[in-house]
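Q: Please find one structure pasted underneath; my questions will follow.
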Amino acid sequence: MVEGGIAKADKTEFTECWRTTWKTPYIMRLAFSAGIGGFLFGYDTGVISGALLFIKEDFDEVDKKTWLQSTIVSMAVAGAIVGAAVGGWINDRFGRRMSILIADVLFLIGAIVMAFAPAPWVVIVGFGVGMASMTSPLYISEASPARIRGALVSTNGLLITGGQFFSYLINLAFVHTPGTWRWMLGVAGVPAIVQFVLMLSLPESPRWLYRKDRVAESRAILQRIYPAEEVEAEMEALRESVEAEKADEAIIGDSFGAKLKGAFANPVVRRGLAAGVTVQVAQQFVGINTVMYYSPSIVQFAGYASNSTAMALSLITSGLNAIGSIVSMMFVDRYGRRKLMIISMFGIISCLIILATAFSQAAIHAPKIDALESTTFSPNATCPAFAPLATPNAPPSGWNCMKCLRSECGFCASGVQPYAPGACVVLSDDMKATCHSKGRTYFKDGCPSKFGFLAIVFLGLYIVVYAPGMGTVPWIVNSEIYPLRYRGLGGGIAAVSNWVSNLIVSESFLSLTHALGSSGTFLLFAGFSTVGLFFIWLLVPETKGLQFEEVEKLLEAGYKPSLLRRRNKAIGADTA
């Protein structure tokens, strides 16, 4: 393997991945079958956003209370935290394949429950989402040749974004169907059945089998993945790695508690966790899943009131996410994980600042309130907060559409010009119907604005810069940065950190938009992203093209960014 240090990673082209999988289609079969877990992950996280619009229509209490909307989204995330935590232990104890099969059963049960439950209970499917989020990339990683591992693990990211795109198509398909949100959530059972059947015919991870002393089975699978001349080198690398881990195990024990204690006592695992947890937390605090969970709502914040229009525009953003995942597959093994993430973070920060500016301008230049129309629109129609202040010829200063909505009222736009003054009226379904009956648009989440289109454009650009880097690469890093003995545990800890961060962000997003406004919320995410960029630069090494055993040696030596290494050398030279 490696003598005298770490071998330099080759510049692997995207075409190498397809050349290898064309010669050995079994590799793509393994990656695609396991990657359906990513598709389910994407579908179940994406479908919530559209379903939420119709859940609000079926449950008045949900429509009135943003914390209930956040809780519905967060129920699935809370389930994912448990699924990821338990999934790490199941992966190490029973194998990657068994973990995927269990996740499929949970997806199916969750889909059935969501379709028939009297209320939107989504927590069960979250267990499956959590397990799939860390198991699918782990399985693909351990069944992939090192030179194309990044591209193949990116297929999981592509299928996640593909699942999100498909979820928006399903949302649009069922817009006019009775039981809308039940159909949207229940469809998730179909791909779970498909993956379950496919995985029954596929083997366990060769590295997990070798770790369990099933050497002949491990060799047989490696012979189907690697060229004949590379199999023995892989087997020798596995032997050295497993022997070192067994020696470690003899000292600390094999119980879960002992393994957890041993992981934090091991400097290689600690450094791996520092990098793995950093990229997973950063992935969430750039705000991406608020965009995916709430993208129809964000589109409405930008001034597009129709549910169908909001979901159609959200379909475009999810499509851009899928395209970005293809870009990641093309470049992750060529330019490296670290570089893609850093470039991605610079783009994300820029887009978030521009989005914050766009939403700020939209709020400032929102249509004014027509005091006469607001007080004479229809009997008892005037917004309660506006009525005491209004006189027909002198509307209260500072009142525009945005002020009206923040007072928990609705805005009935002018029927003459889209940005002309309109009526500030009570927030109710009856008033919405009255407004529509006069050929006008009723707004309750956002205001008509000339800046709305600009916000949509940069929302799309935000997805474009996010997907190739921070979208897929954190999962690649976590599938390859831990020693074999701790890979399930390390991946589980990192996945839990991802889902806990996801829960914090998704649970607080709607409340933040009401407290800070859309502009302040996106600016806050820009600040979090800047902090994340610094820690990625500081803690995350480059692992492109390296064998798992080479990654271990890299972490044994410790990692410092090149800038700090040069500084230390300069200080050492001055001291000498």
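Glycine too: its Cβ is placed from the backbone N, Cα and C atoms.
What TrEMBL says about a protein is an automatic prediction, not a curated fact.
Features from TrEMBL:
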- 30-544: domain 'Major facilitator superfamily (MFS) profile' (DOMAIN)
- 30-55: transmembrane segment (TRANSMEM)
- 67-86: transmembrane segment (TRANSMEM)
- 98-116: transmembrane segment (TRANSMEM)
- 122-140: transmembrane segment (TRANSMEM)
- 152-175: transmembrane segment (TRANSMEM)
- 181-202: transmembrane segment (TRANSMEM)
- 340-364: transmembrane segment (TRANSMEM)
- 451-477: transmembrane segment (TRANSMEM)
- 522-540: transmembrane segment (TRANSMEM)
Q: What residues in the same chain, six or more past the boundaries of the transmembrane segment (522-540), come closer than 8 Å to it by Cβ-Cβ distance?
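A: Apart from its flanks, the transmembrane segment (522-540) reaches 274-275, 278-279, 281-282, 285-287, 290, 337-338, 341-342, 345-346, 348-349, 352-353, 355-356, 359, 477, 512, 516, 559, 561.
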Q: Hey, would you say the transmembrane segment (152-175) packs against the transmembrane segment (98-116), going by three or more CB pairs under 8 A that are 6+ residues apart?
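A: They do not touch: fewer than three Cβ pairs between the two stretches lie under 8 Å.
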Q: Residue list, the transmembrane segment (122-140) vs rest of chain: Cβ under 8 Å, 6 or more residues beyond ends.
A: 30-31, 34-38, 40-41, 44-45, 48, 72, 75-88, 90-91, 96-97, 99-100, 102-107, 109-111, 113-114, 152-153, 155-156, 185, 188, 192, 205, 475-476, 478-479, 487-488, 491-492, 494-495, 498-499
